[in-house]
Amino acid sequence: MGKSGLYFSLICFYTLFPSSFGNPSRCTLFIGASSYHSDPCGSNHPRCTWRLDLFSLTKDQSLSPPCPGLVTYSQYHKPYSLYVFPHWIAKPDRRGLGYYSASYSDPCAIQCPYLGCQSWTCPYTGPVSNPHWKYTSDLNFTQEVSSISLHLHFSKCGSSFSFLLDAPGYDPVWLLSSQATQIPPTPAPLIQDSDLQHILEPSIPWSSKILNLILLALKSTNYSCMVCVDRSSLSSWHVLYDPLKAPSSPDPQAQSILRPSLAIPASNITPPFPWTHCYRPPLQAISSENCNNSVILPPFSLSPIPDVSRPRKRRAVPIAIWLVSALAAGTGIAGGVTGSLSLASSKSLLREVDQDIDHLTRAIVKNHDNILRVAQYAAQNRRGLDLLFWEQGGLCKAIQEQCCFLNISNTHVSVLQERPPLEKRVITGWGLNWDLGLSQWAREALQTGITLLALFLLLIVVGPCVIRQLQTLPSRLQHRSQPYSLLNYETNL
């Protein structure tokens with residue numbers, strides 16, 4: 001009885017929680033517009049491993065740098081060693097070979113520690129004591145000239161960290177963020193992600209590549225579908241293929257590389273790039289043959305464009321709707337005229353307030369430029385002092401104090417400058433000057449007269465229609481009360 005109960009419990013547990021066993025996961029690094037997947041890792045196998053190329057990381061980050069206005073001081077060179085900084089954790093301790101212990105708690109921002117970065121890229125969080133990272137178990141890496149073998153514990157996947165150089169300067173060379181992802185259910189391709197040059201080549205911007213793919217997909221559907229591109233992940237694949245170029249006889253040694261979730265036939269079109277893969281419609285898979293009749297697309301969805309050109313049937317509108325519409329129109333016109341005149345009376349006041357805001361904004365921008373110029377002088381002196389104390393490890397290490405950096409942001413002032421004038425944001429009238437230099441009682445009398453005139457014109461327009469409908473109402477009611485003719489009882493049936 002005990003064994004049967006144990007077996008029954010195990011069967012129920014595996015049935016209710018199938019995702020905790022045998023569901024492969026991994027950790028994905030994001031830099032710029034590119035992503036790098038680790039080896040399969042999870043709770044059972046918590047060590048996530050990457051083999052990264054430093055030159056590829058540099059190209060990927062140059063497309064989307066973390067700090068657009070970053071002042072670059074140090075440049076990557078092969079003999080330089082690397083430091084790794086997980087963000088917002090305990091202060092690092094050097095452990096030889098150019099490595100830092102994976103813990104940091106400095107109140108200074110290290111994500112973009114130099115001048116030129118904006119406030120949203122360098123958030124100030126203050127000293128943070130948790131979570132605590134251990135260098136050997138949570139994060140470690142080995143550097144071999146231009147390549148890095150990175151090892152990260154799966155529990156720390158979801159954080160961000162930077163790679164710095166053992167060289168003068170403070171700018172991060174690479175800023176990476178991580179996120180836990182699931183391995184797609186389709187079999188992994190035999191070729192690496194970097195070999196799909198028509199999708200992941202870092203030298204070509206993502207936007208131009210996506211536009212070409214959207215144009216090609218629209219041509220294949222004769223512009224009858226809307227294309228929605230999903231660039232969040234490449235876990236599912238779509239294929240665009242030419243059915244006229246399908247291989248006639250299958251190769252017995254060919255293997256299926258991947259099975260796309262969507263295959264779109266496109267014949268008699270000229271793609272913006274050559275076909276790069278071989279798709280077999282009977283197998284519904286990309287094979288290792290060299291027929292070159294298809295191209296792999298990022299995930300997107302096709303939906304038919306709604307037809308809005310259908311004719312509408314006209315129906316007679318009852319008299320009650322005419323009356324309600326007339327009353328509503330009269331009330332709306334009166335309210336609109338009154339509201340426009342009321343807003344126009346405060347136009348001069350808004351203009352004066354807008355001028356005061358403009359003067360204050362100019363003064364703040366001028367003070368910001370002066371502070372930024374002083375900060376640049378201080379940064380220049382800091383570089384020179386670091387070169388003088390280079391043998392002691394830099395200025396901060398020589399004086400045994402924390403290295404702080406000045407982060408000056410002008411985001412709020414720029415947003416204030418880009419906003420339209422206060423008069424355009426508040427007044428939504430007809431653009432006419434209703435002030436006319438009149439007193440308050442004269443403006444109120446003018447408003448009342450315009451309202452009465454609008455109601456009188458509305459009565460002239462709608463009144464004849466209402467009277468005509470009321471005159472014909474008795475005859476319509478009489479015809480409706482006698483739908484059948486009376487029988488003449490004097491006639492012989």
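Just so it is clear, glycine is given a Cβ too, placed from its N, Cα and C backbone atoms.
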Examine the ranges 173-176, 225-228, 453-456, 457-460 and name the one recorded by Swiss-Prot as motif 'CXXC'. 225-228
Out of 73-89, 379-395, 396-412, which range is noted as region 'Immunosuppression' by Swiss-Prot? 379-395
If you count the C-beta atoms lying within 10 Å of each candidate's C-beta, which of the recorded positions Cys396, Cys465 ends up with the smallest number? Cys465
According to DSSP, folded down to helix, strand and coil, what is Asn140 (N-linked glycosylation site)? strand
In DSSP terms, helix, strand or coil for Cys396 (disulfide bond)? helix
Using DSSP with the three-state reduction, classify Asn292 (N-linked glycosylation site) as helix, strand or coil. coil
How long is the line from the C-alpha of Asn140 (N-linked glycosylation site) to the C-alpha of Cys396 (disulfide bond), rounded to the nearest angstrom? 25
Cys396 (disulfide bond) and Asn292 (N-linked glycosylation site), Cα-Cα, nearest whole angstrom: 59
Select one residue from Asn140, Asn292: among these glycosylation sites, choose the one with the most other Cβ atoms within 10 Å of its Cβ. Asn140
Whole-Å Cα distance, Cys465 (S-palmitoyl cysteine) to Cys396 (disulfide bond), is 90
